[in-house]
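K.L.:
Copied straight from TrEMBL:
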type: ACT_SITE; residues: Cys472; note: active site, nucleophile
type: BINDING; residues: Cys349, Ala350, Ala351, Pro352, Gly353, Gly354, Lys355, Asp373, Asp401, Asp419; note: S-adenosyl-L-methionine binding site
type: COMPBIAS; residues: 22-31; note: compositional bias 'Low complexity'
type: DOMAIN; residues: 257-533; note: domain 'SAM-dependent MTase RsmB/NOP-type'
type: REGION; residues: 1-67; note: region 'Disordered'
Amino acid sequence: MAHALSLVVALSTRSPQPPSPSSSRSSSRPSKLGGRNLRSNASDAGRRRGPVSPSHKTQKLNSEVSPHRAVSAVRLMRIELGGAFADLLNERGKGPGENEMGYVERTLGFRTRELDDRDLRLVTDVVGGTIRWRRFLDHLIVSLCHDQSTFRHMEPLLLQILRIGMYEIVKLDMPPYAVVDENVRLAKVALRPGAGNMVNGILRKLVQLKESDALPLPKLEGDDHAQARALATLYSHPVWMVRRWTKYFGREEAIKLMVWNNSEPSYSLRANTGKGVTRADLVKHLDMLEVPYELSLNMEDFVRIKTGMQIIIRAGLLKEGTCAVQDESAGLVVSLLDPQPSDCIIDCCAAPGGKTLYMASCLSGQGMISAIDVNRGRLRILQETAKVHQVDGVITTVHADLRDFAGNNPLKANKVLLDAPCSGLGVLSKRADLRWNKNLEDLEELKELQNELLDAASRLVKPGGVLVYSTCSIDPEENEERVTAFLLRHPEFCIDPADKYVPGEFLTERGFYFSNPVKHSLDGAFAARLLRAL
Ligand SMILES: C[S@@+](CC[C@H](N)C(=O)[O-])C[C@H]1O[C@@H](n2cnc3c(N)ncnc32)[C@H](O)[C@@H]1O
């Protein structure tokens, strides 16, 4: 850590600035992540790494900047820069047990006071919202900078502070001049006075434009591509997603989907019946904790919550296995497989085990699930959670690539679930950063993998048995099209319509299960139930 701090300080190419009020109390200077090409900076700085004075380890508390903004800015950098950020701060990367305030101190050069519940909620809102609205916010920043190159060469921390300020003003409608002042102070203390002046200039211009209803927004005009670009900016999604959804669902549905993806996600909890906890028991806990909930109309073990997750975590309900966080859309995939006591089930891509655990709780201690996954770390999570949920007695984990396993193993089952790796385009409201990490090429590769995994999974199904293929994607090419192609390759399988297993509103014309975020206010998910001939 000490090495890393010197490394970050060495990165600063700016001329020395007068110490800020907070830094003047200590001899150590704040660390600042300057320059956006962190990988090359990291290696340059690595060569310049020198001995570190013990004063760098001093903990400095800054009570002037708002804690939620300081923590949000650092968390946003960690999410956006990923490995490059961790490498910069710590030669050993993202070590376990690293606490967030430690990252804040090493990035900004100071600590803030510990976050209270209100701060934590703000951090969640600000970080999630700033990531979701990134394309939109960057469009505003570029429009309000003198030129494109100012934006392109902006330091990562300065960029995050500007995005936070813009998000708070434009999307959270927070009192604008307080937002300007707070973000200016953060930029001054964490970077330098000049950075504060820049934040001040840009955010004040934004406030004026917003107040006169004259934000520089793109117009929906020109050819299809230009309009897709404008929509992508207005609703803050990648252009390729807008084009794809407009093609498959039409413009109106594509817009509704983007609005859904930009809304605050709600979560579902599943009462862990495997441990004897009923939904009524779970509801009693939630009442005691004063967490508002709605009973699921689709799944009898599930409740939906909009707020209160921190309270639930702190009360230990997840850690002690009273309930699990699981979207109803995922629960309905399990309903489609219809696990019953005494069943032998193969779960082909099982980790981290959301569906395995739910299936195990349906077995009431009788039967067996072979849970296969290629990712050892994620399988370990499954094993540990299964113990906590007290369903480990019916689960055997298998660390393997399904394609090898199916080729070399005599194991066969009457019920086989293939919850395939997918683009995750159905869960963009919960996974705020996912939209920026996917591209069209990923989708093409995934389709190939899905074909291969389907072929492999089909070998594990006994004659007369069931294969459920599922994804958490809304993309027809990962869903219906994969099943159609599979049925052409495997005439020994046919579609078993989903109507006996899931409510009618989730049925597609071809008898598949599909949860549509816009229609059902759940994550997007797809599943097909396929029967193997006797
Ligand atoms: C969508 S996730 C499964 C989620 C899981 N069913 C649940 O409900 O928690 C897909 C999983 O497929 C696994 N996977 C990817 N390729 C695989 C392969 N060739 N063989 C086995 N597992 C694979 C990944 O490691 C990942 O855990």
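Positions of Cβ are set from backbone N, Cα and C atoms, glycine also.
Heads up, TrEMBL stuff is auto-annotated, nobody curated it.
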K.L.:
How many Å lie between the Cα of Asp401 (S-adenosyl-L-methionine binding site) and the Cα of Cys472 (active site, nucleophile)?
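P.N.:
A Cα-Cα distance of 20 Å.
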K.L.:
Which residues does Cys472 (active site, nucleophile) neighbour through Cβ under 8 Å, counting only same-chain ones at least six apart?
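P.N.:
For Cys472 (active site, nucleophile), the qualifying residues are Ser329, Ala330, Cys422, Gly424, Gly426, Val427, Asp523, Gly524, Ala525.
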K.L.:
Tell me whether the residue listed as 'active site, nucleophile' sits in a helix, a strand or coil according to DSSP.
P.N.:
coil
K.L.:
Using Cβ atoms only, which residues of the same chain lie under 8 Å from Gly353 (S-adenosyl-L-methionine binding site) while being at least 6 residues apart in sequence?
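P.N.:
Correct list: Ala371, Arg378, Ile381, Leu382, Thr385, Ala386.
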K.L.:
Express in Å, rounded to the nearest integer, the largest CA to CA distance found among the S-adenosyl-L-methionine-binding residues Cys349, Ala350, Ala351, Pro352, Gly353, Gly354, Lys355, Asp373, Asp401, Asp419 named in the record.
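P.N.:
So the binding residues stretch over 19 Å, Cα to Cα.
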K.L.:
Can you count the other CB atoms that lie within 10 A of the CB of Cys349 (S-adenosyl-L-methionine binding site)?
P.N.:
21
